[in-house]
Amino acid sequence: AEKIKICLQKQVNSSFSLHNGFGGNLYATEEKRMFELVKPKAGASVLNQSTWICFGDSRTDQSNSAFPRSADVSAKTAEKFRSLSGGSLMLSMFGPPGKVDYLYQGCGKHKVFYEGVNWSPHTAIDCYRKNWTDIKLNFQKSIYELASQSHCMSLVNALDKTIPLQATKGVAKNCNNSFLKNPALYTQEVKPLDQICGEENLAFFTLPTQFGTYECKLHLVASCYFIYDSKEVYNKRGCGNYFQVIYDSSGKVVGGLDNRVSPYTGNSGDTPTMQCDMLQLKPGRYSVRSSPRFLLMPERSYCFDMKEKGLVTAVQSIWGKGRKSDYAVDQACLSTPGCMLIQKQKPYIGEADDHHGDQEMRELLSGLDYEARCISQSGWVNETSPFTEEYLLPPKFGRCPLAAKEESIPKIPDGLLIPTSGTDTTVTKPKSRIFGIDDLIIGLFFVAIVEAGIGGYLLGSRKESGGGVTKESAEKGFEKIGNDIQILRSSTNIAIEKLNDRISHDEQAIRDLTLEIENARSEALLGELGIIRALLVGNISIGLQESLWELASEITNRAGDLAVEVSPGCWIIDNNICDQSCQNFIFKFNETAPVPTIPPLDTKIDLQSDPFYWGSSLGLAITTPISLAALVISGIAICRTK
């Protein structure tokens, strides 16, 4: 009788790279980084398509006769906008004669504002003020601030009021022989000579708790008054000083100007200038007292429900060639904590006309069609990687990547994976210790193809018991890592959240500190990923060793009395009793056996966070169960000895 020895061979060459892990090591033909660096896309996007709203003008107005050529957004995004050609939030607040008056209102956790150009130097609105840019800046800033704290907002275009009987609505030559809708100008008709100076005015207005279906917890009110250079300019008849003051229901002064206690400007001029301060007032009844002759009466407001903190994006709104713009929107957003500003890099060049349908702006706003994982001043990201090459400028919200160098990201094995020998006392021993970990004294198991034929055998753990790391223990390990990481980061997250509210007060110092914190977080995350990588490698290695044990057990079971196991992975067969077809059945599974499969290794890691926290992440979680790695066996190397 001729007896031969058939073994699973140990083979590996210099093309393999070694990967060390907790509980076991691997050789692999390939390797890949756990994550690739992502690059943010410039422009605006949103975290959730169902929770955002926009306010715009003709560039987002679907009813415009030139739509879609006039639009800077897609038709899908235009449906989200509350827009009317020629409109702006400030025009609706003040209501200059002859201008579009649109009822802006809507609800959303994330609010995008792309409007403002229709009140700019080009429109040349006067009404006792040649340059409205400062008022526009304060108005837009107040809108952004309150919008970031509210779910819903609405223009209130008719406040309840009580006006003195002797006062009637007045007009002004420098306001198209009309006047603003808000504030309204009321004047006294003075007849008796002894009353030539007139009487003081007392009026009342009420800020509602609700306007239509919109709840109002806070109102933005324009407190407007005149500024005179001197008392003589105000009243050449020698009457008293000018004043216009707003009081709340308790008699406290909340706005206005009183030249009885405040000096005049002292400049030379004979025409007053109207000033409007932006007040944030609670619902209630307010009184307005003014010096004789006339009264500026608040008749509109913007109301906010103040129900939740949200996101605000402001888009630069400028004219194209030949028209003068201001940059109040830009300045207002930059001076409002948490406001993200979208700015053009080139002049506005329209498609429909010089001022509508700019290609660069369309690209910057194209992200509004999608959901992003992170939005920031640097742009938006929808990839899952936790790392980016450059630091993302705040404000930023969502699951934002941290800055890292590519070479610092850990690598994991890929391709053909071979477990090494080693000892891990935490691993449950298989029932039969064929290819047990402690038995793998030298070399690596590598099953190579000797002769073509079979479809292959996919190795991996197909049992919930036996050797190797169990699914339950692996999941518990990853859960513990996630909890530890959250504890590690919690104090940092709280600190950064507080810094977000202070960013505008000491901007550079805060930004520098924030950058240091984010760098530390990036280094910590890289270290955490290194631990996870080592656990993955060990988990895969142990699982593959168990799979080899399963393969050896399968061979022994198939052989029965025809083959005698003489050492781990080696059998003696009588060639005269078990011919080639017999050996093929034992070792090649007769070339017809179905190929068992298991899920491939999934190393996807997801960084979870509060979607409106402007830092990065609050914790780390494995999004899907970790499967043991798969090793494809194309055949069995046969080492014959007589």
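Positions of Cβ are set from backbone N, Cα and C atoms, glycine also.
Predicted, not measured: the structure shown is a model, and the values here were computed from it.
Cβ contacts within 10 Å of Ser58 (active site, nucleophile), excluding its own Cβ and spanning all protein chains shown: 25. Per Swiss-Prot, the feature active site, nucleophile maps to Ser58; the stated evidence is similarity to another entry.
Residues or ranges marked as active site, charge relay system in Swiss-Prot: Asp353 (among others). Around Asp353 (active site, charge relay system), the same-chain residues six or more apart in sequence whose CB sits under 8 Å from its CB are Ala66, Ser70, Gly320, listed in sequence order.
Here Swiss-Prot flags His356 (among others) as active site, charge relay system, drawing on similarity to another entry. Long-range neighbours of His356 (active site, charge relay system) (same chain, six or more residues apart, CB within less than 8 Å of its CB): Ser58, Arg59, Asn64, Ala66, Arg69, Ser70, Ala71, Asp72, Gly350.
Under the heading disulfide bond, Swiss-Prot lists Cys107-Cys152 (among others). When secondary structure is read from DSSP and collapsed to three states, Cys107 (disulfide bond) falls in the strand class. Long-range Cβ proximity for Cys107 (disulfide bond), meaning a same-chain Cβ under 8 A and a gap of 6 or more residues, is found for Ile53, His151, Cys152, Met153.
What Swiss-Prot records for Cys127-Cys175 (among others) is disulfide bond, and it gives similarity to another entry as the kind of evidence. Cys127 (disulfide bond) falls outside any helix or strand according to DSSP and counts as coil. Around the Cβ of Cys127 (disulfide bond), the number of neighbouring Cβ atoms within 10 Å comes to 18.
Marked as disulfide bond by Swiss-Prot: Cys197-Cys239 (among others). DSSP assigns Cys197 (disulfide bond) to coil, not to a helix or a strand.
Swiss-Prot lists Cys216-Cys303 (among others) with the feature disulfide bond, giving similarity to another entry as the kind of evidence. Non-local contacts of Cys216 (disulfide bond) by the CB criterion (under 8 A, 6+ apart in sequence, same chain) comprise Ser154, Val156, Leu207, Pro208, Thr209, Gln210, Pro283, Cys303, Phe304, Asp305.
According to DSSP, Cys224 (disulfide bond) sits within a strand segment. Per Swiss-Prot, disulfide bond is recorded for Cys224-Cys276 (among others), and the stated evidence type is similarity to another entry.
Annotated disulfide bond per Swiss-Prot: Cys333-Cys339 (among others), in sequence order. Under a cutoff of 8 A between CB atoms, and with a sequence separation of 6+ in the same chain, the neighbours of Cys333 (disulfide bond) are Gln140, Lys141, Tyr144, Val312, Ala314, Cys339, Met340, Leu341.
Taken from Swiss-Prot, the feature N-linked glycosylation site covers Asn13 (among others). All protein chains considered, the CB of Asn13 (N-linked glycosylation site) has 8 other CB atoms within 10 Å.
Look at Asn48 (N-linked glycosylation site): DSSP puts it in coil. Asn48 (N-linked glycosylation site) counts 14 other C-beta atoms within 10 Å of its own C-beta, drawing on all protein chains shown. Taken from Swiss-Prot, the feature N-linked glycosylation site covers Asn48 (among others).
Non-local neighbourhood of Asn131 (N-linked glycosylation site): Pro121, each in the same chain, at least six residues away, with C-beta under 8 Å from its C-beta. Taken from Swiss-Prot, the feature N-linked glycosylation site covers Asn131 (among others).
The N-linked glycosylation site annotation in Swiss-Prot covers Asn382 (among others). The Cβ of Asn382 (N-linked glycosylation site) lies under 8 Å from the Cβ of Ser45, Tyr370, Glu371, Ala372, Arg373, each on the same chain and at least six residues away in sequence.
Residues annotated as region 'Fusion domain-1' in Swiss-Prot, with similarity to another entry given as evidence: 2-27. Secondary structure by DSSP for the region 'Fusion domain-1' (2-27): 0 helix, 10 strand, 16 coil.
Here Swiss-Prot flags 28-138 as region 'Esterase domain-1', drawing on similarity to another entry.
Summarising the annotation, Swiss-Prot assigns region 'N-acetyl-9-O-acetylneuraminic acid binding' to 138-297.
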_Averaged pLDDT score, the region 'Fusion domain-2' (353-638)_ = 62
*Taking the disulfide-bonded residues one at a time (Cys152, Cys224, Cys239, Cys339), which has its Cβ surrounded by the most other Cβ atoms within 10 Å?*
Cys224
*State the Cα to Cα distance, in Å, between Asn13 (N-linked glycosylation site) and Cys127 (disulfide bond), rounded to an integer.*
86
*With DSSP as the yardstick, break the region 'Esterase domain-2' (298-352) down into helix, strand and coil residue counts.*
7 helix, 13 strand, 35 coil
*Look up Asn382 (N-linked glycosylation site) in the DSSP assignment and report helix, strand or coil.*
coil
*Using a Cβ-Cβ cut-off under 8 angstroms and a sequence gap of six or more, which residues of the chain neighbour Cys276 (disulfide bond)?*
Phe94, Ile135, Pro183, Ala222, Ser223, Cys224
*Cα distance, Cys127 (disulfide bond) to Cys239 (disulfide bond), nearest Å?*
25
